[in-house]
C-alpha cells in the first residue's frame with residue numbers, strides 16, 4: 001500500500017454547523033493525518049478557478065454561490081491510499097445514497113450542500129493541494 005496525499009474541503013454548510021472537529025476526528029480515526037489546514041472564505045474568482053472544470057455545467061453558478069457563502073476549511077490528508085480512504089469516509093455525493101456512518105450521511109443536508117469535498121484521483125489531489133497550499137505549508141507528520 002502506498003502513502004498518499006489527498007485534498008479535502010469542509011464546505012460552508014458543515015463549517016456553519018460546527019462540524020469541523022467531528023469531521024477531523026473521522027479523518028484521524030481512519031488513520032489519515034492532517035498535514036496542512038486553514039480556514040478560507042473563497043472569493044468568486046477563487047471558487048470559479050477551483051471548479052473551472054465544471055464551468056459549462058448547469059450547476060456551476062449555484063456551486064460557486066454556495067462555496068462563497070461562508071468560510072470553508074481546506075486540508076491536506078496523508079495516509080495509506082489516502083484518496084480512496086477519504087472518498088470512503090465521505091460517502092456518496094448525494095447524502096440520500098450515502099452509506100450510514102459516512103460524513104455525507106451524517107452531516108450533509110442535500111446533494112447541493114453535501115458537507116465535504118475530496119479529490120477523486122492522485123492527479124486531481126496534486127492540483128487541488130497546489131491551488132490552496134505552497135509546498136512549505138505542508139508539514140509531514142513523522143512522529
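Just so you know, glycine gets a Cβ as well, placed from its N, Cα and C.
Note that this is a predicted model, so its numbers are computed, not measured.
Feature annotations, reproduced from Swiss-Prot:
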- 11, 59, 87, 93, 104, 114: ATP binding site (BINDING)
- 117: active site, pros-phosphohistidine intermediate (ACT_SITE)
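Annotated features, which come from Swiss-Prot, shown on the structure.
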residue	record	Cβ contacts under 8 Å, 6 or more apart
11	ATP binding site	66, 67, 72, 113, 114, 115, 116, 117
59	ATP binding site	112
87	ATP binding site	118, 120
93	ATP binding site	104, 111, 114
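Minimal Cβ crowding within 10 Å, among the recorded positions 104, 117, is found at 117. All protein chains shown were included, and the count of other CB atoms within 10 Å of the CB of residue 114 (ATP binding site) stands at 23. Classification of the residue listed as 'active site, pros-phosphohistidine intermediate' by DSSP places it within a strand. Reduced to three states, the DSSP call for residue 104 (ATP binding site) is helix.
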